[in-house]
Amino acid sequence: MEALQYKLSQTIAAHNGIVRSISTQGNELLTCSSDKTAKLYEMKDNQYQQVTLISFFEKYIYATCARVNGGYAVGHDNQIYLLDNEGNPLGILEGHDQQVCSLKSISENLLISGSWDATAIIWDISQMKQLYRLNGHKYGVAVYGDENLNFITGSQDGILHSWSKETKIKSVQAHKDIIREILLSPLGGYITCSNDETIKLWSKDLELIQTFLGHKSFVFTMKIHMDQVISGGDDRLVIIWNLDGTPQQTIQLPDTVWTVAINNFNDIIIGTSDGKVRVFTTDKNRYATQAEIEGLEQEASLSNAKQEGGMSEEEVQKLPGIDKLNTMIGKKEGEIRLFRNGNKPEAYMWSLATKNWQLIGDVIGGKGANSKKFFPGDKYFEAGEYDHVFDVEDDNGITKLLPYNEGESFYDSAEKFCLREGYSKHYLQQIVNFLKKNTSFGQSQRQKKSELETMKEQYAQQQILQQQQAKKQIDFQYIPYTQCTYYENMNLQGLSKKLFEFNAQMSEELKLTEKETLIFNKGIESLGQVQVQKTVNIENSVSIIFIQKLLKWDAQYLLPVYDFFRLFCLHHSSEQLFAGLEKGMNLFLNIFTIVNTQPINAVLVRLALQTLCNCLKHNTNSCAILYHLRIVKDIILSLLDTDEKTVLLLSNLILNLSIGIYQRNGLNDQASELLSEAIITFLQYKQRDVETIAKLVTAIGNLMKSPAKQIREQCKKITFEFIQSLVIDTNNQDTLKCLEEVKLSMLI
């Protein structure tokens, strides 16, 4: 009996970036992307429909993993987020020193993760702690584990390791390149895939059983489904294999396949570089329309023809002949399809006005080594055929396309590439070196630099020297500004009276117990004593009570709660709340809810903003608020159109945050990027008073004076155009001189 064929069932325009990972649980689907978001879908009426957007990540999301009643997600910040079934963060696992690239849920309370720090960690989820750490890898680690605490790991050196708990049992040279995925084989052993274009089947003792050959490039992903292996990779293919290594079906996609998954309907779900998630099924009742299926085939054919510079004879013969031009109707203006004219592929575009297909031209080029490559074009590089279209992988593992023609200036191409991707000039020479190494022109010129390039290098060196001399000669008086604004006024008697009055109205679940009341009273008393005795401590229980009970009170009762916490943040004992895995996340999320609740409670909002300002008082608190700066940025932008008192508080908060970034230059440029974006949006929204503008300009000045080069460059990239054209209508000489210094800091 012939096996059922998988056909397209649904196409989801899921993301604006690469779909890096897909996981399934029941009728739910979780996707994540380089666009910094994850999305949760549910199957309804035979179609996946989005139910949740997860957007608290600061940079790209690398991997997801399903679990009972939720899942896990990892991004650029080296941490593993435990999510509930609605995508809300429940906790954070910290332990890796670089980004996590591989996750496997072993059981409800057991997880294994692999990282670019060359380690794998096994986690006890019930205790939110590490059980074992497996060392001895090279760079990114792929992982697998079972409930008997047997683990398999592999990394960039192609070596596969087996472990029992933390003890290494065996190592084999499994692949010639990076091991991307490790799964349990239906035969009881393991199966691996690699950048060396192969998939390999192993016994339980890591003896090689079978090698699967068929992919033409890196194999990034695979899943096991009953007695089949489903794999996908950079060649834009998904191959369905039998366990003897023979392919049963091949599915061509329009872009690189990064992830595949299987749901409980036996569907194959595929995530690709174009941001789309496609569902394939063997259920004929759930097939997409014939037009949708043919549309995908055409899109894949056209995309692959452009990428490879031509089509194989087999691919050409599969195209509809030009005799179909009058019977095949286009779906939209500008739709492009390929038709076969004899043995030659031709590209046609659909015109709604004339209701016919119009010839664009031949699909030129062959698949030889000297064929041209097609680049679709952008703001910096024209569309057309190039001698090379390089895949350049950035620090985040995301591939960028760099077109280049032999004989062109390395520096011009590298500079356009850096401008397009927003890279600093620090990367310019690296791109130039890459082009020299990988092009014929570069190899022929390696011993002899062109006069133009030599002049450019000399000019660049002169510019650096001039900038260094200018920095030594300029004496900045107004930036950096390092005096934070704190809100210290207190009425502890009134605060205490109102808080316990509200407490009496709470349900038993949220009401402070007698013991908790005593602890909290003591904490309030300690706030009054701190003016006299700096070493007074406040019990850690106060932080626990605040998070577990007081933050859950309705907004109408939160005024005394935030009045207390505003003062508590000035006390050194508050650092205990911002330490640990979550770094005070509940507080920041609660404030975000407050500022987005209508009708807005202006007094409560101001107390919450004063609390955030006071978070910059102590080091642990300051690091926490900068860590959660994406949430804080959203809080700021939620209050763009507000009263003058709140605007002044916001400007003080922004200035405090800039001081925190300046004083902690070890942070990456993400904090600078987020704050710079918030400042410019805030300034552009409407005309601000001079005092507010002055504080926001000073905040930019603090970022521009950071010892960290990346912070300065990120700030300049976002704010340069606006600041250089900014004119402040004031006679205040201090404000004008401060603006002049900020402008100057961007020019040296």
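Each residue, glycine too, has its Cβ placed from N, Cα and C.
Below 8 angstroms of C-beta separation, residues 62-68, 72, 74-82, 139-147, 149, 151, 153, 155, 165-166, 181, 396-397, 581 of the same chain, each at least six residues beyond the ends of the repeat 'WD' (93-133), sit close to that stretch. According to TrEMBL, the repeat 'WD' annotation covers 93-133 (among others).
Annotation source TrEMBL lists repeat 'WD' at 212-244 (among others). Across the repeat 'WD' (212-244), DSSP classifies residues as 0 helix, 21 strand, 12 coil.
Here TrEMBL flags 349-449 as domain 'PFU'.
Taken from TrEMBL, the feature domain 'PUL' applies to 477-746.
Note on the domain 'PFU' (349-449): mean pLDDT across this stretch is 69.
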